[in-house]
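One structure is given here, and the rest of the page talks about it.
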Amino acid sequence: MVFSTSVDEFREVLRHSEHIIVVAGAGLSAASGLPTFREKGGLWRTLDTSSLATPSTFRADPSLVWQFYHHRRVKALQASPNAAHRALAKLAIPSFLKTLAPAASSYHLITQNVDRLSVKAIMDLTNQSTLNRAKYDSENVRLDSVIEMHGRLFDVQCTSCGHCEEDLSNPLCPALGRAEESYNSDGNQSSKVKPESIAVETLPRCHQCGELARPGVVWFDEKSQRLDEINSLVQRADLCLVVGTSSTVRPASGYAYRVQRHHGIVAVFNIEPAPGDARADFVFKGPCEVKLPKVLGIT
C-alpha cells in the first residue's frame, strides 16, 4: 500500500466519516513538556523504566516505584494542554465536529497517556466564553469521550481494599516531597544513580483503610481499562487517527489495523517513522501540535 500525504484527500474522508476514533500515545503530550523518560541523562532515564511499571517491581520495591511516579506526577501537574490536545478537544464538541465531519455521529479519543491533559483540554474549552460566541454548544460535551485505557496518574489506589480516588496533592506525602527536592537539587542528575530509600510506612496510604496505596495506572501484566467499550468502538469505526504513538504496546497497537481490516481508513500523525506507517492510508509526519491542527483545519 502507498499512503497519501494529501490534506485535501484526508479532509474529504473526514467529511464522510460517521464513527471516528483517535488512538493517542506519548507523542501527543511531548510539546507539553512531558518526557517519555527514555531520553539520555537524569536519574529516571538511566533506569529501565518499563521494568518499574510492573506489579512485581512494586511489591519488591514500592519506594523506588513511588518515587518514579511521583516525579511524573509533578511534571504532569506543571504541564498544560498543547495545540494538539486542544484540536482533539474541539472534536469532542458535537456541533463543532459537524463543521468538519457532517456525517459524524460518534467521536472518541482512546489515549494511552495517563497525564489527564486530554480531559483538561476539554474542560478548558467548555469554560471559554469564545466558545459560546462561536455558537458551539459546549454543554453537550461528555468527558467520557476520552477513554484513558492505562488509568490516571493522579489516582491513588489501595493495594488492600481497592479504594481509588484522585489526589492532586503535591507532594503526595512528605517523604516523596523530600525525595523530589533531593532529586531536583542535584546539579548533575545524570550522576545520581540511586533514588532515596523511603520507609514503606511513610509512602502514600489508603484514606479508607490505611494500607499501602499504589499509583492508579495500568502496569505491564495488567488489563487495560474499558476494553469492552474500546473493542466496540474499534469494531464500528470508519476512521482512525493514530496520534503520537509508534503503536508497539498492545492492545492499542492493533486498533488502527483492526479498523482497516473492516474497510475503515487510518491516518497517522507522528514525528518519527514507525514500522506500521506504511500500512496506513494517510501519513502526516511532524510534531503533533503542528501537524494535527493544520491538517484538520483547526485554529
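The backbone N, Cα and C atoms fix where each Cβ goes, glycine too.
Listed in TrEMBL:
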DOMAIN    1-299  domain 'Deacetylase sirtuin-type'
ACT_SITE  His150  active site, proton acceptor
BINDING   Cys158, Cys161, Cys206, Cys209  Zn(2+) binding site
* To do: To the nearest whole angstrom, state the Cα distance for the pair Cys206 (Zn(2+) binding site) and His150 (active site, proton acceptor).
  => 21
* Across the domain 'Deacetylase sirtuin-type' (1-299), what is the average pLDDT of the model, as a whole number? -> 88
* Structure fact -> Quick note, Cys158 (Zn(2+) binding site): same-chain residues at least 6 apart with CB under 8 Å of its CB -> Cys164, Cys206, Gln208, Cys209, Glu211, Leu212, Ala213, Arg214
* Structure fact -> Counting every protein chain shown, other Cβ atoms within 10 Å of the Cβ of Cys161 (Zn(2+) binding site) number 12
* 8 Å Cβ shell about Cys158, Cys161, Cys206, Cys209 centroid, Zn(2+) site members excluded -> Thr159, Ser160, Gly162, His163, His207, Gln208, Gly210, Glu211, Ala213
* Does His150 (active site, proton acceptor) have same-chain partners at least 6 apart in sequence with Cβ under 8 Å from its own Cβ, and which are they? -> Thr111, Gln112, Asn113, Val114, Val217, Val218, Ser224, Gln225
* Among the binding-site residues Cys206, Cys209, which residue has the largest number of other Cβ atoms within 10 Å of its own Cβ? -> Cys206
